């Protein structure tokens, strides 16, 4: 056997060492790459109260952090039922934030449980009185980002921050913002009003307020800027935003508000103390807690199972589109200083919060299906006779004087009334839908925008007029109450199975940009260039497949 040359042995040794170094580097890089693309990686942060562990995952080819079921208050159970919320105490160890918040205790919409158009609004997580949690989504490596806080709707009697529709990952990533969905107590647990310290009313509003304080104190740990907070909400969530403009202890907690189909001056949104007390006392009677002394009645109310309340809630006598228990305009803790009805009229509210106020084309159809089912709970295009029309007007506006109903009918039918003397007509049904939408939603939103126009802050109005390919309701229902939400949360962007068109996906992308630019700058923009603030005030933004700033 021949002997190897010394230089060859040295060369081979050097080559092997080089290959080993390359292998080590490749292995380390691969391990790093593998970690970067893992679908679920635990991530831990430190809050004021203690440590919190969430999950970092991949969504829309980007990394997002989800902190689900984050506690911000002590459970409002036992002696804390009906009382103002108590801040969450510090905890030892690490809280796992990997499960969506439960829904606050509520009933279910059983009108048509087999129909997704109704079922989609029902709670998709367990219901519980222990419900004061929030869900938070943030882009990985977030730093000093705008914070968008979602107030869900549901008439103050049902709703949840955890609905599939409200998943915040797409909005967070597409807009590069922190999305926070908060929870608040509903129905009697949040709005029973006996006008005393034990059952003070507006507990749900105080839940929202405490959540906003918690966000101010903790959101920096998630990569958010506590001085860049926008509340956006729909229906009852939108009217809640206006309430926080009035509430003294909410001042300075948010800089912008987006009101989607709701305002505090909506007829269904807020009760006088007298009406709130009447309805509350009736519920006390219905659940069997009417006692000689108020203290005994309250002890009874704290002991009975929560199901007793939800089973009896809708047995309270109500008017058309009146909800059982809602915001009360005067209380000791939330509004405190002044009745909210008076504050609205006198413009005694925060003047430095920019607002974007919106309405949908067909606000009335959803409610008429539920409240005038005789004519509107149909799959085909409804048509009415003039007699049917008058019956609907009487049903929807029974609280108004006869002369007002007659005047309204004249305005909506105009000179064409004689054309409807015989037969059945689609336009009569359309006008009932329009009247209900205008009276209970649209007109109040426009009034509020006019009220706020002279304030130092900016005000914008949007008009949503885009039907959805994924809407399960009959086509005649149009652009319904609540059906802009899917575009705001980016559902058409990530849901490839619901039948959205490319133009709908583009519209969703643009709405995400409009909402997030407003949240960041106070000006809704598609090109990120700030326009003259006062010239843009009360600009109307038509939201269809091709939105533009008018």
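Cβ atoms here come from the backbone N, Cα and C positions, even for glycine.
These features come from TrEMBL:
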type	residues	note
ACT_SITE	235	active site, acyl-ester intermediate
ACT_SITE	363	active site, charge relay system
ACT_SITE	481	active site, charge relay system
DOMAIN	45-526	domain 'Carboxylesterase type B'
Three-class DSSP secondary structure - residue 235 (active site, acyl-ester intermediate): coil
PLDDT averaged over every residue in the domain 'Carboxylesterase type B' (45-526): 96
Cβ atoms near residue 481 (active site, charge relay system) (within 10 Å, other residues, all chains): 23
